[in-house]
Amino acid sequence: MTKVIAITGKGGTGKTAMTSLLIRHLTKTNKVVLAIDADPDTNLPETLGCEVVKTVGDMKQFMQDERDNLPPDINKESIFESKLYEVLEEMPKYDLIVMGRPEGSGCYCYVNNLLRGIMDRLVKNYDVVIIDTEAGLEHFSRKMIRDVDDLIVVTDGSRRGLRTAERIRDLTEELDTNVRNIVVVANKVTDANRAEIERTADGLNLELIGTVPVDCVIAERDLKGLPLFDLPDDSIAVQEVDKIAKKLGL
Amino acid sequence: MADEYPFEISPMFEGERIRKDGMHVELSGPKSKGYELVRATPMDEIEDGKFTLIGPDLSEMEEGSRHPFAMIYKIAGELVEEDLESIVERRNHDFQNYIQGLMHLNQRYDVWIRVSKDAVAKGLTSFEPIAQAVMMLFKNELPFIEKVEAVYVTDLAEIEKEMDNVKAIYKSRDDRTRDLHDEDVDTFYGCTLCQSFAPSNVCVITPDRISLCGAINWFDGRAAAKVDPEGPQFAIPKGDVIDAEAGEYSGVNDLAKSLSSGEYDRINLHSFFDYPHTSCGCFEVVGFYIPEVDGIGWVDRDFAGVAPNGLPFSTMAGQTGGGKQVVGFLGIGINYFRSPKFIQSDGGWDRVVWMPKHLKDRVLADIPADIAEKVATEEDAADLDSLKNFLTTKDHPIVQRWVEEVEEEPEAEEAQETATFAAPPMMQNAMPMQGMPMMMPSSSGTGGVKIILKNAKVSIEKVIIQKKE
């Protein structure tokens, strides 16, 4: 069975860093991973250290633009599937797919319906699917990915970050999404704010499953544009994320 | 039977993805060349079950390498004919995916195949068992195939040599497919993707009428309904032809009743005025009746300006959408302009007076040559006066209708009284039109509109609605 993990949260809290470190952990434990960058502000490829030229959005647009030029009796799902595989970046141990650009004008119902079917089949090929997504949860509301086992909301030390977590939890219920479990991970935690974060999370009835301390190695690599994927094993952030992964049964 | 092959064969392997890590070789695909082709061949030119390979075999290919690849199947049988080629060819995709360790994507000259390392480790060293398995499946699943022979090619020069011929075959097939019309089939397709926001929408897809969103043609409907008959696209038995010109079928009417929860029980597929197709909201183009010239204008969502009736696409789309049958407006997919039955019961292209230039250019090849230059664009006419002038100067066929009207008018006026009503009660009581009142430029405050009924006996032949002077 494929396990589906989604990572979301307020902007700037470190969702993408968290996603990269989880992928890093999973590939070290020999899991075959599909990473999906579903954040319109596409940062995951850079953080993982791979280059993505084309996105699912580009291919959706291709299907829209070319639909009258394709042979009339051609199977469009089969073409779209092949186009999707073309934008799948194949790395050792994991594949990466970037959702990319938003939809243009016009009706995308049919294309999205095809995409749902293709994604359903695709995810079954992996041990773990890990999705880096924006707080708006658009791809979930559109049911592009139908079932999510664990939704990890990343927050920083701010109260607003935890409020976002609360809103996301409420939103997943409202949207009738198939999310089994919602947990919170606090990022960039210091000794000074740790107790306060734990207290606030508790007050909002959020399940805090990990606190990742400020790691100056991450900040340094970020600034230099170096991928986080090859952080050393003894990095404190790496060690904390490994612990979180174990808690989630990964 | 399965023991003959060094791999397992089952539909459960469909959807199996072979990743780069697990791939022994890649064949054809976006970075190489190849094709797949099925040819109907005379019985005596086929040696049943024969396999020929031109170029190196799997065992001669290095792990991780990429090669050109073509698959040609010659089929014969009493019932085999050229028209079946593409249907049989499509099954190559299914059957190759039934083979464990083989991934087949796309079709025609875009085929993309991978053979897994696992399959090679389990003893797959040649393309022959793959071809044999596919030939076996062809004969088992498609019993009209009596004899089949396969030729696989991995030699680039040989593939390139044949490519032009192969493309010509695909093209002639497409030309034949485009020649399929409503009268040639007994099944249409429906789609409910829009019903979430347009609950009474009845989307009917026929060979001569694409879905309103422009995304789903008759073949797409057929393919989807075959895979999942309960899915968003489903078959509509055509039933009896009630009116071939207007495109009225008993099967479509029955469906309209059930799909719109009884709101509509008649749909004319190729009419603008009488029981037109419902309009969902995601149509690519909206048509609007212009009473002043008795013609129809069309505007698409990419046109930012206002049409000669003073309204932009967004306003008209707002009035038209929602899954209603709206007389005076009609949502369509762009490809419907290319249909030979395009609003044929209302005069077809002879009734079209205006469309945005970029839209006209897009479908220009399909506009009858004698009318093309007579259809105005925003460059020719921005309002009703300039539109009238343009149509008169170009001698648009619609002008002929004006002449006929003028000739009839004196008689009509003697015989009938001309009635003038205030719009709202008129709309509610007498006309089964929805959205029509909104069509009035909402320049309210000028005292509403005047509606003149001419030649009105029991049924209404014409309604003219104009701004009160």
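Cβ atoms are placed via backbone N, Cα and C, with glycine included.
Automatic prediction, not curation, is the source of TrEMBL annotations.
DSSP gives B:CYS191 ([Ni-Fe-S] cluster binding site) a strand state. Residues or ranges marked as [Ni-Fe-S] cluster binding site by TrEMBL: B:CYS191, B:CYS194, B:CYS280, B:CYS282.
As annotated by TrEMBL, domain 'CO dehydrogenase/acetyl-CoA synthase complex beta subunit C-terminal' applies to B:170-400.
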Chain-internal residues, separated by at least six, CB under 8 A from B:CYS194 ([Ni-Fe-S] cluster binding site):
B:ASN201, B:CYS203, B:LEU212, B:CYS213, B:CYS280, B:GLY281, B:CYS282, B:GLY323
Name, in the order they occur in the sequence, the residues of the same chain whose CB lies under 8 A from the CB of B:CYS191 ([Ni-Fe-S] cluster binding site) and which sit 6 or more residues away.
B:CYS203, B:ILE205, B:SER211, B:ILE216, B:GLY221, B:PRO232, B:GLN233, B:PHE234
